[in-house]
């Protein structure tokens, strides 16, 4: 394990980038509110270019072997499909939800991850982890319930957008469990050596880009855009992204905000991976979790291109506190003896 100053510096970078990533996620959807699928496609192709460039460099350096590249791609294709659905659903919902709701609803990821890992990998969990998961689910329900009463900041949001954001977390959680199964299966095929993380990320992102493109007709139809109108939709998204003068809607903030989100999102993923390498997955998880309440507070304030902010209701704040308690309890360390029995 690396020195404490190095871990502290890496942790600070993860917190700062996690907060910036969540805030910019909402801000990037302000100019592209009518074109969330265009942003999803742009983000995905950005990942493909970066990940495959890194994969090529690691292959040239001998870190990635030919056997790793020859691993079966069926599960990677499934990962790409789930991540495409998660990205499209998340960006569609994120464009319609108040900023503070996004980090809260996204934490349902932990609940879905626990369910899918138990069903697909046969994992068992301690009572402490189950209690933590229950608190996360309760926090999400409390936060969503804050929109049930007139005058609450979620009261004017349609239930479909809340459900889509939770579904987005389910798709992403399913993809994360499949990634873990790829590592487990790959270690067997590679005689104990685990596949390089960029093999999984690169091919997963490649399939994700393919499925986002293929799903555009279906997903756009759900938004009321007919297949024949899809080329015009993509052209409008490009014009809005480039913020050209003849764009039919106000695209203030583009292309700066969307590009900034993509760059920060990539930096966050790299920083999180670096923290795992320096310390442990537990430290990385707790560090990323600490960004949730900070993000909620910032997104409730008046921001550039979101001047009105959002007034947080008492039930929403209570839901956030319960959710954070659940995340902390879930990630509390336990003895190695118990750990070996559970996992």
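The backbone N, Cα and C atoms fix where each Cβ goes, glycine too.
Automatic, uncurated: that is what TrEMBL annotation is.
Quick look at what TrEMBL annotates:
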type	residues	note
TRANSMEM	38-56	transmembrane segment
TRANSMEM	76-95	transmembrane segment
TRANSMEM	101-122	transmembrane segment
TRANSMEM	129-147	transmembrane segment
TRANSMEM	159-178	transmembrane segment
TRANSMEM	198-219	transmembrane segment
TRANSMEM	256-276	transmembrane segment
TRANSMEM	283-306	transmembrane segment
TRANSMEM	312-332	transmembrane segment
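Listed by sequence, the residues of this chain that lie at least six past the ends of the transmembrane segment (283-306) yet keep a Cβ under 8 A from its Cβ atoms are 7, 11, 14-15, 18-19, 22-23, 26-27, 30-31, 98-100, 102-104, 107, 252-253, 257, 272, 275-276, 312, 320, 323-324, 327-328, 331. Annotation: stretch 198-219 has the most Cβ pairs under 8 Å to the transmembrane segment (38-56), among 76-95, 101-122, 198-219, 256-276. The transmembrane segment (159-178) is in contact with the transmembrane segment (76-95), judged by 3+ CB-CB distances under 8 Å for residue pairs 6 or more apart in sequence.
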